[in-house]
Amino acid sequence: MAPVDPHSFTESTQPATTDIALTLYFDFPSSTIHASALFTLQTPHSGPFFLDTRSLTIHSALHADEAIPFSLSTTSDPIKGTLLTLTLSNHSSFILTFSTSPSSSALQWLLPPQTCNKTHPYVYTQCQAIHARSIFPSHDTPARRIRYSAILNIPSELSAVMAANHVTRRPPRDDDAASLASLNLNWCSQDRVVEEFVMEQPVPPYLFAFAVGQLGNREVGPRTRVYAEEGSAVLDSAAKEFEGTEEMIREGEKLFGEYDWERFDLLVLPPSFPYGGMENPKMVFLTPTVIKGDGSGAQVVAHELAHSWTGNLITNKTNEHFWLNEGFTTYAERRIVEAVQGEKRATLNVGIGWRGLNEEIERFKDNLEFTKLKNNQQGIDPDDVYSQVPYEKGFQFLFRIERQVGRSAFDEFLKKYIAKFKFQSIDTDTFLDFLKENIPGIEKQIDLVLWTEGTGIPSDAYEPELIVYKTIVSLANEAATGRMPGEDEVADWQGQEWELYLDNLPKSIEASQIVALDSRHKLSESKDYEVKVSFLQRAISCGCKEYYGEVEKTLKAVGRMKYLRPLYTALVKGSEEDKVFAKRVFSEARECYHPIAQSVVVSIFSKHM
Ligand SMILES: [Zn+2]
């Protein structure tokens, strides 16, 4: 017996699940889902059969009304969760009934006051990296792919979306819920409705996704609708921000080949959503902070779109090869941005990434393993080592290959790579073998082992050379001598230029300069959270107490980890007073964060306090 993934109990000797048919009853007052799942296995199996679970209560395991013995392990692994073992006797299918817990790590249940409209409750998922197991028992590893269908029973004033095809919305029927009969649910009550979905393409479980709330939508393209809370201002501004989506899909197709998922819809979530975006197939999830009014939010959409090929079609086998998802996607994102918004925007994007990569290498200086593209995550929680390394070092590696072989040869290679491995989960060695086979001699031109297994940043990585980038970086460096940019120099700056400037300010900058910069350019009040947070992070490091009110407001307004991480980290690295402040704000804001974000903040605290 051998586990296929350090983050899962899945055994290589046991058959894969090919299909799961889910029936889900949403009980908002108790923040619980009562559910059943019909599993279909690839081959019949006898003996122990392992599934991943976390904080689930298992009520029964059945095959044609006959009970199947099962047990949950008495101790839980802090990372993998609780092992569910079924004892099968030549079974190729079975039905489990179970309930989630209010503390399910994938789910955030929002009370009406925590939503934009403040009138209806809301629940949404975030399953990456290893949280699908807190919604349903599964082989929760990207090494295994499943098809699924789902029947969602929800309050009739709400609607549901999924990263799947919508089949119908209809009144509930008794026969929907035969497998849930023992739970005595109000399945067919007047105030309930059923929404049905089906996902016909096999996907890794981390791409399982739904949201239930008072949702509305706007059509923005032939295969794209934008969803957000009905009647909220977000819906209109999102429709405007993302009106260029179809053009990006066509660019993606030029680069990678046909778009295989039919729909590319976008769901803008409440501000507590922990990521910038999540590439859930057919229905990308987005934070409202990407709506900036200047079209730059489209870059996050370009990233999630690129995942339709790299990540969703070709998937990393385990999180130890996460760069195969994120490095390729970051590379593709920048190619799409370059085609749609021009070289300048793409270069600024590379420059911000370059700075971010250097900071991450610094962050991991005592744990260099996580500066490697291919790394060892035995006993490691993937959420704890989430960083820009797989994104930016992965991008650098692929861009290094592009520079070596030329763009058209690399484009041809990319198309071949997608066609060869689509709907498969692969590891770094599989990619390298394919690379060497298709670009003979590449290993003599680029040190592939150093790039994939070495720590830090190889010396043949690329810092942008474009003049727009260099001008901003040298302006930032001049702050060491006290010089601040003049009005004329920043007149046409957008968020990215400011972000790049702030990220490159020297560490030695003084509090008085920070204050002067803000009184001239109002960065602490920027509506662009990238700029605002980058500024506030600097303000905290310089001990500018006058901005702590704004820091608190920000930490309470959004739950995106990209902002929580730097702000809380800057605070806990500061004075005793800063630490007390951080703890108080977290205790007051905590409920507004998704469980994944909550545990990331807890882990920042435990590392530094
Ligand atoms: Zn990504």
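Every residue, even glycine, has its Cβ placed from backbone N, Cα and C.
Unlike curated entries, TrEMBL annotations are predicted automatically.
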Record-annotated Zn(2+) site (TrEMBL): member among Glu320, Glu326 besides His303, His307: Glu326
Can you tell me how far the Cα of His307 (Zn(2+) binding site) sits from the Cα of Gln128 (peptide binding site), in Å? 13
One of the recorded positions His303, Glu304, Glu326, Tyr391 has its Cα closest to the Cα of Gln126 (peptide binding site), namely Glu304
Sequence gap of 6 or more, C-beta under 8 Å: which same-chain residues meet both conditions with respect to Glu326 (Zn(2+) binding site)? Gly311, Pro390, Tyr391, Gly394
DSSP three-state call for Tyr275 (peptide binding site): helix, strand or coil? coil
Count of other CB atoms lying within 10 Å of the CB belonging to Gln126 (peptide binding site): 24
Spatial neighbours of Glu279 (peptide binding site) that are distant in sequence (at least 6 apart) but have CB under 8 A: Leu207, His303, Glu304, His307, Ser308, Gly311, Asn312, Thr329
Should Gln128 (peptide binding site) be counted as helix, strand, or coil on the basis of DSSP? coil
